[in-house]
Amino acid sequence: MDSDEGYNYEFDDEEEECSEDSGEEETADDTLELGEVELVDPVVAGGERDDCGETGGSGLGPGQDEEDYRFEVLTAEQILQHMVECIREVNEVIQNPATITRILLSHFNWDKEKLMERYFDGNLDKLFSECHVINPSKKSRTRLMNTRSSAQDMPCQICYLNYPNSYFTGLECGHKFCMQCWGDYLTTKIIEEGMGQTISCPAHSCDILVDDNTVMRLITDSKVKLKYQHLITNSFVECNRLLKWCPAPDCHHVVKVQYPDAKPVRCKCGRQFCFNCGENWHDPVKCKWLRKWIKKCDDDSETSNWIAANTKECPKCHVTIEKDGGCNHMVCRNQNCKAEFCWVCLGPWEPHGSAWYNCNRYNEDDAKAARDAQERSRAALQRYLFYCNRYMNHMQSLRFEHKLYAQVKQKMEEMQQHNMSWIEVQFLKKAVDVLCQCRSTLMFTYVFAFYLKKNNQSIIFENNQADLENATEVLSGYLERDISQDSLQDIKQKVQDKYRYCESRRRVLLQHVHEGYDKDLWEYIED
């Protein structure tokens with residue numbers, strides 16, 4: 001390419017008009033067009049609109065400097081420019097139309113080196129065939145179906161309605177259809193099927209892909225164009241290990257890092273998440289165990305544990321039975337079974353006597369094994385509920401703590417009316433920030449503890465956890481109750497002392513956990 005104009009993404013409105021088709025083959029344009037569509041740069045979650053990439057560091061890891069993990073927040077427009085730059089770099093070597101190069105790069109998951117290697121291995125026909133495009137260096141051997149004059153109507157092979165020849169268009173494969181059918185076909189593929197880079201020619205058994213210029217020329221709805229643009233850019237982001245979409249709803253920003261790692265990044269919308277897994281930042285638990293925990297909470301594994309802990313199987317027909325009374329004399333309600341057995345030992349009821357319960361098989365090995373299995377299930381359920389309840393409690397408290405900002409703002413305004421400067425009252429906002437950080441950390445410590453085997457280091461961890469939890473509750477009490485009762489100086493002294501202590505204990509806890517990671521001190525329970 002001779003100039004940057006060949007990579008212009010803006011769509012020329014004049015190209016929307018149907019041009020006269022003289023019957024000659026359509027030639028590929030060098031311009032890669034993804035539409036003159038307004039890209040949404042939303043303001044969500046209290047974020048500020050900014051047209052420039054935002055850079056920053058996490059600054060949240062224990063003992064880490066903010067420069068340790070650098071990242072940049074990009075808008076959708078900037079992602080498009082990254083795509084353009086990638087295509088430009090490749091086309092400086094292979095000299096193909098930009099739309100064709102985009103399809104080639106998509107086929108190789110935007111791996112420029114891999115594309116270059118295949119491109120110069122000497123078998124271009126095979127490469128273009130695998131990528132489902134016509135080699136632009138060769139003229140199509142299939143003549144477009146223009147045997148009739150432009151004045152004569154011809155039937156569309158999709159809707160079978162007659163239109164002038166000028167109302168038809170097609171790809172290099174030679175298949176032509178009317179403009180209306182093309183538009184409907186592309187809209188269905190994009191909106192209903194969510195297809196972007198893999199839309200093929202609508203002709204039967206034709207796998208030639210539709211290029212970006214054709215899509216943008218034949219679609220008139222700006223919403224469909226925007227959706228197509230998002231699908232193309234999403235493919236670019238998903239294939240790039242240094243890019244990650246912000247997981248916040250309706251946020252169109254992308255975070256770019258210098259190297260991929262399980263580190264915290266913060267989008268301009270305010271969402272902080274783990275770059276590795278995309279979940280909310282979850283220090284100190286690792287991504288592997290958080291995924292297992294989320295799956296455990298979402299699936300029916302604990303329902304199965306409850307069934308195992310609170311029901312038993314009939315020893316004869318194996319139907320599940322729940323005890324609904326105090327008597328241990330059980331009668332199976334299965335009409336084809338009617339077995340009578342003892343709830344305690346699962347043995348036949350007849351040897352137990354008819355006058356009073358007398359379980360003479362209580363110590364039998366098979367009965368003991370059955371009871372042990374039930375006890376294990378009950379213990380597993382109780383253990384899960386112990387950690388899950390505390391995890392959910394801190395999650396709920398964290399939601400409530402966010403409401404404190406409004407209350408604190410009001411108190412800060414009151415303090416400023418009592419001869420305190422704006423800077424002097426910032427300790428309240430800082431305290432709420434620390435409180436929310438501690439809640440989040442404590443929430444994920446229970447996930448970490450659930451999979452942690454007991455040893456000397458785990459005891460130290462639990463002591464640190466208990467200390468931080470106690471300090472966090474005290475700080476929360478100061479902010480929720482004492483903030484409206486005590487004198488201004490008393491409030492400031494108590495709150496500052498406590499949030500600094502919370503910061504210190506949180507740092508100690510995280511440093512201990514990460515030290516355990518570094519020295520391989522932790523042993524885990526494989527669930």
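Each Cβ is built from the backbone N, Cα and C atoms, and glycine gets one as well.
If you look up Swiss-Prot, you'll see C156, C159, C178, C181 marked as Zn(2+) 1 binding site. Under the heading Zn(2+) 5 binding site, Swiss-Prot lists C314, C317, C332, C337, citing sequence analysis as support. Residues annotated as compositional bias 'Acidic residues' in Swiss-Prot: 1-39. Per Swiss-Prot, region 'Disordered' is recorded for 1-66. What Swiss-Prot lists as region 'UBA-like' is 75-123. The region 'TRIAD supradomain' feature in Swiss-Prot is assigned to 152-363; the stated evidence is sequence analysis. Positions annotated as region 'Ariadne domain' by Swiss-Prot, on the basis of similarity to another entry: 378-527. Swiss-Prot lists 156-206, 226-287, 314-345 with the feature zinc finger.
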### Query
Highest CB neighbour count within 10 A among the binding-site residues C156, C159, C178, C181, C337?
C178
#### Entry: Spatial neighbours of C332 (Zn(2+) 5 binding site) that are distant in sequence (at least 6 apart) but have CB under 8 A
C314, K316, C317, V319, I321, K338, A339, E340, F341
### Message
According to DSSP, collapsed to three classes, what secondary structure does C156 (Zn(2+) 1 binding site) have?
### Response
coil
### Query
Cα-Cα separation of C159 (Zn(2+) 1 binding site) and C337 (Zn(2+) 5 binding site), in Å?
64
### Summary
Here the binding-site residues are C314, C317; the one whose Cβ sees the most other Cβ atoms within 10 Å is C314
### Candidate binding-site residues C156, C178, C181, pick with smallest Cα gap to C337 (Zn(2+) 5 binding site)
C181
### Query
Reported in the order helix, strand, coil, what are the DSSP residue counts of the region 'UBA-like' (75-123)?
37 helix, 0 strand, 12 coil
### Task
According to DSSP, folded down to helix, strand and coil, what is C181 (Zn(2+) 1 binding site)?
helix
